[in-house]
Amino acid sequence: ILKTLNSWFWWENIWMPANVSWAHFVDRDGLVFPKPHQLYATIPYAFVLLIIRFFSERCIALPLAKALGIKNRRRVKPQPNPVLESYFRECTKHPSQSEIQGLAKKCNCTVHLVEKWFRRRRNLEIPTVLRKFQEAFWRFSFYLASSSAGLIFLYDKPWFYDIWQTWVGYPFQTLLPSQYWYYMAEISFYWSLLFTLGIDSKRKADFLAHVIHHMAAIVLMSSSWCGNYVRIGTLVIFVHDTADFWLEAAKMLHYAHWEKTCKTLFAIFAIVFFITRIILLPFWILRATLYQPTYYSTTPVIAYFFFNGQLLILQGLHLYWGYLIFKILRRFISVK
């Protein structure tokens, strides 16, 4: 069954134009092509990034946070109580008044003590400001490095200025070493974010959106790698990363209570976000992936629809986040 599913998944008609097979993508005459099995390397690379993150958060972010005056507030731990701890973990973190009364009788203590125990126990679940600062520092560092590397890799490429060049010679476009490492780093980074979802600070407003975003990003980059949509893929990555480090920098300064600078950086982030993800992505990138391929092939392959479907999902998330950003900007204007 697995062999059959594997043969169906890698059927040439899914990934390639007519009269093209996987045999055409054997490295030859100085041409190097992306190979699906190379994506397996992103998993160990993700753990390498986690190790780098561990040391950067402790050796750089922690001293920086202390220099900015960010300290951990001491939190009072509740008294050990196996009954209440079991109820907290297995039933609910916010018991009703009747449940609190029942637990008080079971533990032979007052209702007030039970309420105070749950309040202190819930406080332990809330990530500290220092922890949030460390996470924002790691994302800021990666997005800044990725954006800088993307600009270095792309500034001398013709498809950075002329989007039509992304399809010239397709699908026999050679893979550059810079494109390989750009893809490996990005996919590995999003794997590492998925691996740490359980321990990172949870965002109540858009936690599910972030999960969908990370999964869609991995699937999108992996599918574009397999179909050799690498040129357009690097442009998608670059457009996404250029706004993110501004947001993480604003978060870091917010945690340090540098509110004026934080608001300035957030305004810059909002401008860059709307330019890159609300204007450039749909009217430049999506135009190149939805419209331009029809000039090079009269019979779009299944990967064409799958690739564009993932881009449309991301664009939907961008519109949702754009709405949230607009609400924050409106508060900046209306509230002193």
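Positions of Cβ are set from backbone N, Cα and C atoms, glycine also.
For the DNA-binding region (69-123), the number of residues in each DSSP class (helix H, G, I; strand E, B; coil) is 33 helix, 0 strand, 22 coil. Among the features that TrEMBL reports, DNA-binding region is placed at 69-123.
If you look up TrEMBL, you'll see 67-122 marked as domain 'Homeobox'.
Positions annotated as domain 'TLC' by TrEMBL: 131-334.
Residues or ranges marked as transmembrane segment by TrEMBL: 43-65 (among others).
Look at TrEMBL and you will find 136-155 (among others) tagged as transmembrane segment. Residues 49, 53, 56-57, 60-61, 64-65, 176, 178-179, 182, 185-186, 189, 234-235, 237-238, 241-242, 244-245, 248-249, 251-252, 255 of the same chain lie 6 or more positions beyond the ends of the transmembrane segment (136-155) yet place their CB under 8 Å from a CB of it.
Annotation source TrEMBL lists transmembrane segment at 180-199 (among others). Same-chain residues lying 6+ beyond the ends of the transmembrane segment (180-199) with a Cβ under 8 Å from its Cβ atoms: 34, 38-39, 41-43, 45-50, 53, 142, 146, 149-150, 153, 211, 214-215, 217-218, 221-222, 225, 230, 233-234, 237.
The feature transmembrane segment is assigned by TrEMBL to 265-285 (among others).
Annotated transmembrane segment per TrEMBL: 305-326 (among others), in sequence order.
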